[in-house]
């Protein structure tokens, strides 16, 4: 039961982290594009837009991110079990791939339209994958087994 609870907490915090980082990165990417075409966006507007997106986009995005990361982390557990390579690498890649797959599936489901404005090109998709990787690292850290019996010599 403790292992399941650890997985559940790690998954939820990984998904929340991915969502927050993903929304912030997509908002800043959109703002950067607005300033590129000449819009004057001050720090107050940046903060306001970011908070707005966290509240409204984030509340929908977390549902999709949670589904994607749940599947990715389960598959990551299998990869880690059979391959035995480093947990941080496995789950960072799992989180990044989850975001890529989620974005591509969203585009497919909505007739070729990118639903996340800040992820309409390679840079935006890459930023979302970074968010997924950060969430995967959080998951790896929170679900790592504690090494017992190790005491440094005095």
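Heads up, the Cβ atoms here are built off N, Cα and C, so glycines get one too.
Remember, TrEMBL labels are computer predictions, not curated facts.
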| query | In TrEMBL, which of the ranges 30-52, 122-144 has the transmembrane segment annotation? | reply | 122-144
| Intrachain neighbours beyond the transmembrane segment (122-144), with Cβ under 8 angstroms and 6 or more residues off its ends | 6-7, 9-11, 13-19, 21-22, 25-26, 29, 65, 68-69, 72-73, 76, 87-88, 90-100, 103, 116
